[in-house]
């Protein structure tokens, strides 16, 4: 296993300049996703160790023998292999922030790739502890705690995005709605789309 070595932090301003062909709002969102959900050891590169830290946290929260832990082990291993096969340009078993942005900007948002759909489905199933096909605030909060979010942050975010077309709060979210918001989070340049706040309220 290759272990990521700490590298100099890349500022968001530098990333925006380097990837000037991408909307700055998307670059900011992509960097946030990379830092919060993939680069768990803050090395500015993603390796299998980052994914293992997520599995370990899932185990701590849900239990070693839980459905969530077994699902996380299986799904994250497959996701890592999939990401490496298409994003790891220099084949060093490390995915840098530039490789991550490069992967996303060459992805056709209209035809989501397998790794994207796998990640989208993994996150919903991880959160849906009761396996009833819908997600509520308590499940969302437990899932987000895997990534270090506290209850107040989760409550604010869930009430922000779990709404109907009239803006009224909806206490449970279906997979179809989750998928729409997940797509908005990754690819929408419209700052008013509620999917931008799917993994915590953003203020940029």
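Keep in mind that glycine also has a Cβ here, set from the backbone N, Cα and C atoms.
The Ca(2+) 1 binding site annotation in Swiss-Prot covers 39, 41, 43, 45, 50. Residues or ranges marked as Ca(2+) 2 binding site in Swiss-Prot (evidence: sequence analysis): 88, 90, 92, 99. Among the features that Swiss-Prot reports, Ca(2+) 3 binding site is placed at 128, 130, 132, 139. Annotation source Swiss-Prot lists domain 'EF-hand 1' at 25-61. Here Swiss-Prot flags 75-110 as domain 'EF-hand 2', drawing on sequence analysis. According to Swiss-Prot, the feature domain 'EF-hand 3' maps to 115-150, an assignment based on sequence analysis.
Recorded features from Swiss-Prot, shown on the structure.
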residue : record                : DSSP class
39      : Ca(2+) 1 binding site : coil
45      : Ca(2+) 1 binding site : strand
50      : Ca(2+) 1 binding site : helix
88      : Ca(2+) 2 binding site : coil
99      : Ca(2+) 2 binding site : helix
128     : Ca(2+) 3 binding site : coil
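When Cβ neighbours within 10 Å are tallied across all protein chains shown, the highest count among the binding-site residues 41, 43, 45, 130 belongs to 45. A Cβ distance under 8 Å defines the sequence-distant neighbours of the domain 'EF-hand 2' (75-110), meaning residues of its chain 6+ beyond its ends; these are 1-2, 4, 7, 10, 15, 18-19, 21-22, 26-27, 30-31, 34, 38-39, 44-48, 51, 54-55, 116, 118-119, 122, 125-126, 183, 186-187. The DSSP breakdown of the domain 'EF-hand 2' (75-110) into helical (H, G, I), extended (E, B) and coil residues amounts to 22 helix, 2 strand, 12 coil. With the fewest other Cβ atoms inside 10 Å of its Cβ, the least crowded of the binding-site residues 88, 139 in this structure is 88. Per-class residue totals from DSSP over the domain 'EF-hand 3' (115-150), listed helix then strand then coil: 22 helix, 2 strand, 12 coil. In the predicted structure, the domain 'EF-hand 3' (115-150) carries a mean pLDDT of 90.
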